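*Asks:* Got a structure here, written out as C-alpha cells. Questions coming.
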Amino acid sequence: MDERLISERQALSTVARSESRPRLGEALVQRGLLRHKDLEQALQLQRRTGDRLGRILIALGLVRRWQLYQVLAELWGHPFVDLLREPVDHHLARHFDPEDLVARRCIPVRREGGAVLVATAEPPSPALAELVRSALGPVEVKPVVTTDWDIDYAIRRVFRETLLDRATMGLYYHNPSESARTVFTRWQLGALVALGLGIAAGLHLATTLTLIALVALVNVGFMANVLFRFVVSMAGAQFEHVQAIGDEEVAALRDEELPTYTILVPVYREANVIGPLIENLRHLDYPASKLEILLLLEEDDEETIAAARAARPPETVTFVTVPNGEPKTKPKACNVGLFFAKGEYLAIYDAEDRPEPDQLKKAVIAFRKGPPELVCVQAALNYYNATENVLTQMFTLEYSYWFDYILPGLDRLRLPIPLGGTSNHFRTDLLRQLGGWDPFNVTEDADLGLRAAAKGYKVGVINSTTYEEANSRYGNWIRQRSRWIKGYMQTILVHTRNPVKLVRATGWRNLFGFVMLIGGTPLTFLCVPILWALYLAWLLARSQLGQALFPPAVLYVSLFNLLIGNGLMIYLNMLAVFKRRLYSLIPFALLNPLYWMLHSIAAYKALWQLLTRPFYWEKTLHGLSRYATPDAALVRPREPFA
Amino acid sequence: MRLADVSWRGHLLRVALFSVPFVVLGLYVQWLGFLSDSHALVLAKALLAVDRGRLEVIGFVYPPLPFLLATVWPSAWTLSLLSGVAAGATAWLLWYDLRRTELPLAARTVLLASVALVPGMLFLATQSFQEMLALHLLLVAWHYFLNFVRYGHTWSGFTAGLVLGLAFFASFYAIVFALAFALASPIYSRLREDGEDRSAPADLARTMVIAFPALWSLTSWAYLTWVFTGNPLRFLSDPAAPVLIPPAGAAIAGALRSALHQTLAELLQQPLFLAVAGLNLLYRRRRAVAFLSVPLILALIRSAGFVYGELFALGTYSLIALAGIPRRISLSWSVVLVAVALLQVVASARLGTQSPGMVDWQAAVTLGRANDERKQERALAERLAQAPPRSILADDRSAYQVIAHTGTARPFLLPADSEFASALDEPREHVAYVLAATRTAAPGDEIGLRFAERPPDGFLLDGTWAGWSLYRRVDAPSLLSQP
C-alpha cells in the first residue's frame with residue numbers, strides 16, 4: 001500500500017512538474033533568446049510540418065543551436081556540457097558501437113566514481129540507461145545535455161580510425177567479391193593471360209585467320225552496341241512526354257507528410273564553388289527543418305574548409321570532416337556521410353549542382369508510389385553552360401541523350417540503370433543494407449546501381465533535372481571521362497567475378513543490358529580507333545592483305561558499322577535536342593564521330609590507369625565556366641503530350 | 001495520332017487480310033509462267049549472290065533492298081509474295097486513312113477499289129516489288145511525319161526519317177520525298193495551335209530529323225559505289241532501275257517542255273487526284289499547295305533527265321489522292337468523289353498498258369497463259385539448269401529472264417565473275433556454251449555484240465529461239481537436243 005502511494009505521489013509530482021515546466025518556446029522567450037512573433041512564426045511552421053519546434057527554430061536561424069540545448073538542459077533538469085571543451089574519455093566511448101551512438105544521439109563522456117556521465121541530445125530516458133548498462137554493466141547513468149552537433153563531432157573524433165576503416169573497407173569486409181579493391185581476381189587474371197597467349201599463338205600459327213577473327217569480333221561487338229543503343233533510345237523516345245510525377249502531385253504534398261531528408265555534398269579542393277553551392281541548396285523547396293545537409297570536407301583540404309566557414313552556411317548545413325586516408329575518393333567521403341545520415345531519404349549532389357527546387361519532393365513521391373524494393377531514383381542531369389563552346393555543346397547533347405532517352409528507355413525495357421554521379425536519391429535504410437558505396441571504384445554510382453539490381457532492388461528515374469557545369473576544357477574533359485571509363489571497367493570486372501551467380505541473381509535480360517552498357521561502352525571506345533585505322537589503311541593502301549582481313553561476312557558487318565553505325569549514332573544524337581528544346585545544338589550532332597575520338601583517348605588513358613593506378617581519383621576542376629547563371633537556351637521540358 | 005490506335009498485331013492481321021488478293025494474283029500469274037522484267041532482274045542478281053556467296057559480286061545493284069530481301073529465299077514465288085504483301089500493307093494504310101474521313105463504307109470501298117484494281121496498279125502491286133515497296137515505305141513515313149509535325153511526337157519524327165532513309169534503298173525518289181517532307185515541316189509547325197517553338201533552330205532541327213537519314217543513305221550508297229566501281233553515281237544508270245537517262249543533246253528548255261507535256265497528260269488521267277486537290281482547296285486551303293506541288297516536282301525531275309515511270313507516277317498520285325481526302329466532307333461531296341473514282345477507273349485503265357511487260361501480263365491474266373516467247377524462255381531455262389557449273393557464258397544484263405527462270409546462277413559464267421573477261425576473249429578455253437542475245441542486247445552486253453550473228457571460234461550453234469542463240473563447244477554435248 002505504502003509503495004503504491006509512493007509511486008502515485010511520484011507520478012503526480014512528475015505531472016505537476018511537467019505542468020509547471022514552461023514549454024521550449026516560452027522558455028526561450030522568457031530568457032530573451034527568442035522574440036514572441038518569431039515563436040509564432042515557428043509554431044505556425046510546426047503546425048504545417050509536424051516537425052520539432054527546436055529543429056524549426058534552428059533551421060530558421062532564430063536560435064543558435066547551443067542556446068537551444070542549454071534551455072533544453074534546464075527544461076530536462078540536467079546540466080549542459082560543451083563537448084568542444086569537455087574532453088571525452090576515448091577508451092570509455094569505445095565500448096560502444098558508434099552506429100548506436102549516432103542513432104541514439106548520445107556519447108559517454110567520462111566516469112565519475114561509480115557513475116558514468118553520458119552526453120545526450122535527446123530527452124534522457126530509461127532506454128539511454130539501458131544502452132549504457134548493456135555495454136558497461138550495472139552502473140549509475142548521469143545524463144548531461146549537449147547539442148546533436150557536439151555528439152556527432154565527438155563521435156568523429158573518438159572513432160576517427162573506425163570511421164575511416166568502415167568507410168574504406170566496410171564493403172570489402174562485408175563481401176570482398178563486391179569490392180573493386182581487388183582489381184582482377186585470380187581467374188580473371190588467368191583468363192586475360194590465357195587470352196593474350198591465345199592471341200599470340202594464333203598470330204604466330206595462323207596470322208590471317210586470327211586477325212580475321214579479331215576484326216570480326218570487334219566489328220560484331222560494335223554493331224551490337226550500336227543496335228542496342230538504338231533500341232533503348234527509341235524506347236525512351238516513345239514515352240518522351242510521359243511525366244512520371246506531375247506538378248499537381250507535388251503541389252498536393254503536405255509538409256507534415258515529408259520525412260527528414262539528408263543531402264550529402266562531397267567537396268574537395270572546391271573552395272571557389274562553396275558560395276554558389278550554399279546558394280543553390282537554399283532554393284530547394286523542402287521544409288528547412290527537415291533537411292540535413294552534410295558538407296563532406298576532406299581533413300587535409302584546409303582551403304575548402306576555410307571557404308566553407310567563410311560562407312557562413314545556415315544551421316541546416318553541417319560540416320563533416322572526412323578522415324584523411326587512401327583511397328581519397330568521393331565514395332569514401334559519402335560513406336562517412338552515410339554513417340551520420342539521419343534522413344529517411346538521402347541524396348548526393350556535387351558542389352556545382354543546381355537541382356530543380358521540387359526534386360526532393362518528386363523523389364519522395366516516387367518512392368511512395370514505387371515498389372518496396374525501389375532503392376534509388378535518378379534525376380536527370382544537364383548543363384547550364386551548354387552553349388559555352390563546342391565541347392560543352394557536345395557534352396550537353398550527350399547528357400541529354402543519356403538522361404532523357406537512354407535511362408528512360410532502360411527503365412521502360414526493365415533493364416538495369418547505371419546511376420549518374422549525382423542527384424541519386426536513396427532510401428537510406430536500403431542503401432545501408434547494400435553496404436554503401438565502394439570507395440575503390442571511381443564510378444561508385446554505376447557500381448551501386450548494378451549492385452542494387454544484382455540483389456533484386458530496383459532503380460528508377462524521376463522527371464526532374466539537376467544542372468551542372470559542363471566541362472569546357474578538353475584536358476579537364478579527358479581527365480573526367482577517363483575516370484568514368486576506368487570506373488566502368490572496374491565495375492564490369494567486379495560484377496563478372498561470378499557470372500553464374502550474377503545470371504541467377506539478375507536474369508539473362510539484366511545481364512545482357514549490363515554487359516552492353518557497362519562493358520560495351522569502354523570496349524566500343526577502345527575499338528573505335530582500331531576500326532578507323534583499319535579503314536584508313538584499307539582505303540589508302542587497298543592492299544591484298546587488307547582485303548584478306550575482310551572476308552564477305554566481316555566486310556558486310558564492317559561496312560554496316562562504318563556507314564549505318566556512324567549514321568545511326570549521329571542521328572540518335574539529334575534525338576537529344578527535342579525534350580528540352582535545345583534545338584540550337586542539333587548541328588553539333590554531326591560532330592559525333594569526332595566526339596567519340598575524344599572518348600577513345602580517354603578510354604586508353606583509363607585502361608592505362610586501371611593497370612597502374614586503379615584507385616586514383618582523377619579530380620575534375622569546377623568553376624571554370626564563365627556562365628554565372630543558368631543558360632537562357634535551356635528551358636523546361638515540354639508539357640505532357642496530349 | 002495516326003497508327004497508334006491499332007496495336008502492332010492488329011496492323012499485321014489487317015496487312016495479311018489486305019494482301020490476300022494481291023498475293024493470289026501474283027502467284028497465279030507466276031504459275032502461268034509470267035515473270036516481269038523487274039522481278040527477273042532482281043531474282044537473277046539474288047541467285048548470283050547466293051550462288052557465289054558474296055553480295056558485292058552483283059556490282060551493287062540498285063535499289064538494293066528488294067534484292068537483299070530476295071536473297072533470303074531467291075525464287076519468283078518469293079518476289080510475288082513480297083510484292084503482294086507490300087501492296088496489301090499499302091492498301092491497309094489507305095483504308096485506315098479512308099476510315100478517318102468518316103465517309104460511308106460503300107464510298108470508301110469504291111474509292112479504294114478504283115485505285116487498287118485498275119490494271120496499272122495491279123501490275124505495279126504484283127509485278128514490281130521495288131516500286132510497291134517504295135510506295136509503301138513513303139506512305140508509312142507520311143503517317144509518322146504527320147504525327148511529328150502535328151503533335152510534336154519525337155519518336156514519330158525519327159521513325160519517319162528512318163523509314164525515308166530505308167526507302168532510299170527501294171527507290172531513288174525517296175530523296176525527293178524526304179526533302180519535300182523536310183521542307184514542309186516548318187510550314188506544319190506554324191499551323192499548330194499549341195505554341196510550339198517556331199524559331200529558326202527549331203525549324204532546322206525538325207528539317208534535319210526528316211532529311212538526314214535519306215541523305216545519309218544516298219551518301220553512303222554513293223560512297224560504296226565509288227569505292228567498288230570508281231563512279232559514285234553509277235547506280236543511277238543501273239539496268240535494274242534506270243533512274244537517270246542523260247538527255248542526248250536535248251536543250252534544257254526542250255526537256256522541260258517535254259516533261260511538262262508528259263506530266264500534264266498523266267495528270268489528266270488522274271481525275272481522283274484532281275478532285276481531291278479541289279476538295280482541299282475548299283476545305284484545307286493550305287494543304288492544296290502540297291497537292292499542286294506534286295506534278296510540278298515530277299515535271300522537274302523528268303526535265304533533269306530522271307526517269308519517273310508511268311506506273312510509279314500512277315501509284316504516287318493514287319496514294320496522295322486517297323491519303324489526302326479531307327475529313328468530314330459533306331455527303332454531296334462524297335457522292336461526287338465516288339463518281340470521280342469511277343471515272344478514275346476508266347481514265348487510268350490504259351496507263352502503262354503499252355509497255356511490253358504489261359501487255360504480256362495482261363494477256364496472261366486474261367487468257368490464262370503466258371505468251372509463247374515466255375514459254376520458250378522457260379523451256380530453255382529448264383535445259384540450261386542441267387549444264388555443269390560455270391559452263392555457260394552469258395551476260396545478265398540481257399539474260400536476266402533466262403537466269404531467273406533457271407532458278408540458279410550456277411551454270412552461268414557472268415560479268416560479275418573474275419574470269420568472265422578472259423572467257424569472253426577465249427570462250428573455248430573457259431566455257432562449254434555461250435548464250436547470246438540476237439535481238440537488241442542491253443548496253444554493255446559484249447556477248448550479244450560479238451556473237452549475235454556468228455558463233456565464237458570452236459563453237460557450233462546448238463539452237464535459236466525468240467531472241468536467243470545458244471552455241472556449244474564442238475566437244476560439248478547439246479543441251480537443247482537432249483530428251
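Cβ coordinates come from backbone N, Cα and C, glycine included.
Taken from TrEMBL, the feature domain 'Type II secretion system protein GspE N-terminal' applies to A:77-161. Sequence annotations record features per position, and here TrEMBL assigns domain 'Glycosyltransferase 2-like' to A:347-540. The transmembrane segment feature in TrEMBL is assigned to A:187-205, A:211-232, A:511-541, A:553-578, A:585-607.
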*Asks:* With CB pairs under 8 Å as the measure, which of the listed stretches A:187-205, A:511-541, A:553-578, A:585-607 comes out on top against the transmembrane segment (A:211-232)?
*Replies:* A:553-578
*Asks:* Excluding the flanking five residues on each side, which residues at least 6 beyond the ends of the transmembrane segment (A:187-205) place their CB within less than 8 Å of a CB in that stretch?
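*Replies:* Tertiary neighbours of the transmembrane segment (A:187-205) are 211, 213-214, 493, 496-497.
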*Asks:* Looking only at the domain 'Glycosyltransferase 2-like' (A:347-540), report the model's average pLDDT.
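*Replies:* In the predicted model, the domain 'Glycosyltransferase 2-like' (A:347-540) has a mean pLDDT of 91.
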*Asks:* Which residues of the chain, 6 or more past the ends of the transmembrane segment (A:553-578), have a CB below 8 A from one of its CBs?
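*Replies:* Same-chain contacts beyond the ends: 212, 215-216, 219-220, 222-223, 226, 229-230, 233, 237, 240, 396-398, 400-401, 404-405, 531, 534-535, 585-586, 589-590, 592-593, 596.
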*Asks:* Tell me the residue counts in helix, strand and coil for the domain 'Type II secretion system protein GspE N-terminal' (A:77-161), as DSSP assigns them.
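*Replies:* Summed by class, the stretch gives 35 helix, 20 strand, 30 coil.
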